[in-house]
């Protein structure tokens with residue numbers, strides 16, 4: 001088949017498609033060309049051979065790394081393979097030059113229709129293989145030019161070449177430079193190599209300032225550096241300005257959120273009590289508490305009702321009130337803060353709590369002295385070089401050596417008078433003798449801290465001194481804990497340390 005006959009067949013097919021598609025301009029151009037060439041034609045009407053309704057095509061996609069994925073495409077049987085490639089390019093970003101279609105076990109060509117390959121109903125399958133683009137220099141300009149040429153080919157113009165906009169007027173020939181025959185225009189200036197970084201995944205050439213691939217969104221190589229002399233174009237400047245504005249708004253919103261959180265914490269810290277914001281259950285009385293009805297302890301975040309916390313404070317024998325939470329695993333060692341206690345109690349109960357703390361501090365100190373005036377609350381911490389204490393409450397002078405008030409007598413006169421009165425006081429003498437017998441028989445003992453006489457009524461071997469509140473092990477006649485207080489096993493009886501009781505006769509000293 002000669003070149004003229006082949007060209008005539010192509011123009012006839014283009015005329016057929018233009019008439020079927022209603023394109024008057026293309027049909028007129030094809031008809032004029034056929035008439036000028038005096039090509040013999042036979043025109044006849046025929047029914048529609050390719051259905052035009054939309055169907056769903058099942059496509060298996062595989063790349064050069066043997067990664068496979070299945071997708072569904074909505075197509076028409078009269079679509080060409082070139083149109084199918086353009087659709088995949090627009091929807092998924094894979095350039096047509098990288099697409100290789102296999103339909104009906106045949107390699108599909110661009111100008112062939114899907115109907116010619118047997119794609120006629122829903123569920124028909126096709127195979128798409130994505131070629132590696134490592135050896136292909138892709139850029140947006142070439143992709144756009146290829147797409148325009150493909151659209152012209154669909155219209156029947158296969159031998160056209162896209163030229164830049166505006167007329168190109170050849171200049172006068174230079175003297176002394178002969179022109180080669182057959183060449184009416186000078187050679188086109190080759191385009192400079194594209195500036196940018198090549199995506200390691202799809203090999204697309206991206207602009208230097210872009211942080212990720214425009215095609216596959218892969219991150220820019222860390223080793224790439226933007227050329228110092230590079231000037232971004234208008235599109236890049238707009239994108240960079242948008243990124244800067246987004247970053248500024250993000251930083252502004254973050255700062256506003258931080259300031260709001262700070263103000264919220266300041267307002268929360270100014271409150272004496274932290275109330276619950278969600279429904280909770282008191283672990284002591286098991287009452288279900290609505291938001292705002294319970295108190296959340298600041299130190300340990302355990303939640304209780306007000307009544308249980310008030311009862312815990314009133315019944316506490318310590319200056320520091322512990323959290324009442326306890327279960328089968330552990331008991332909480334957190335403490336209630338002073339402002340929490342003050343907010344929970346009435347003024348009278350809070351004053352009693354303060355008095356209890358002062359009393360405990362006085363009794364637990366080895367250098368404290370309480371005024372001997374009956375019902376007087378005055379006391380002090382004394383030093384070795386001080387022998388007298390003037391009570392700030394009752395204003396009586398206490399002798400720290402005799403531990404008594406003898407304002408009209410000196411120490412010698414007072415002790416002689418005391419011995420004389422003891423000989424004549426039968427009740428005082430009987431009490432002294434009874435205490436001595438109890439100490440000798442082991443029915444009583446002296447507190448290892450304040451030396452007062454204490455005794456155990458019944459039950460376990462743990463007792464507490466009523467004066468200095470020292471915890472005592474009855475069976476060892478010594479303190480239960482070390483100098484650090486409850487839980488300090490560096491001293492005391494060290495009961496149950498390594499599972500060993502403090503004494504063979506120990507009856508649980510806690």
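Heads up, the Cβ atoms here are built off N, Cα and C, so glycines get one too.
Because the structure is a prediction, the values reported are computed rather than measured.
Per Swiss-Prot, the listed range annotated as zinc finger is 193-222 (candidates: 133-162, 193-222). What Swiss-Prot records for the Zn(2+) 2 site is 300, 302, 323, and among 308, 332 the residue it adds there is 332. In Swiss-Prot, the feature phosphotyrosine is assigned, of 250, 330, 350, to 330; the remaining candidates carry no such note in the record. With DSSP states grouped into helix (H, G, I), strand (E, B) and coil, the zinc finger (447-476) comes out at 0 helix, 8 strand, 22 coil. Cα to Cα, residue 447 (Zn(2+) 5 binding site) and residue 399 (Zn(2+) 4 binding site) are separated by 24 Å. When the recorded positions 399, 402, 411, 460 are ranked by how far their Cα is from the Cα of residue 450 (Zn(2+) 5 binding site), 402 comes first.
Comparing Cα positions, residue 411 (Zn(2+) 4 binding site) lies closest to 468 out of the recorded positions 460, 465, 468. Across the fold, the C-alpha of residue 465 (Zn(2+) 5 binding site) and the C-alpha of residue 402 (Zn(2+) 4 binding site) stand 24 Å from each other. The distance from the Cα of residue 468 (Zn(2+) 5 binding site) to the Cα of residue 406 (Zn(2+) 4 binding site) comes to 26 Å. Summarised by DSSP class, the composition of the domain 'Ubiquitin-like' (55-119) is 18 helix, 25 strand, 22 coil.
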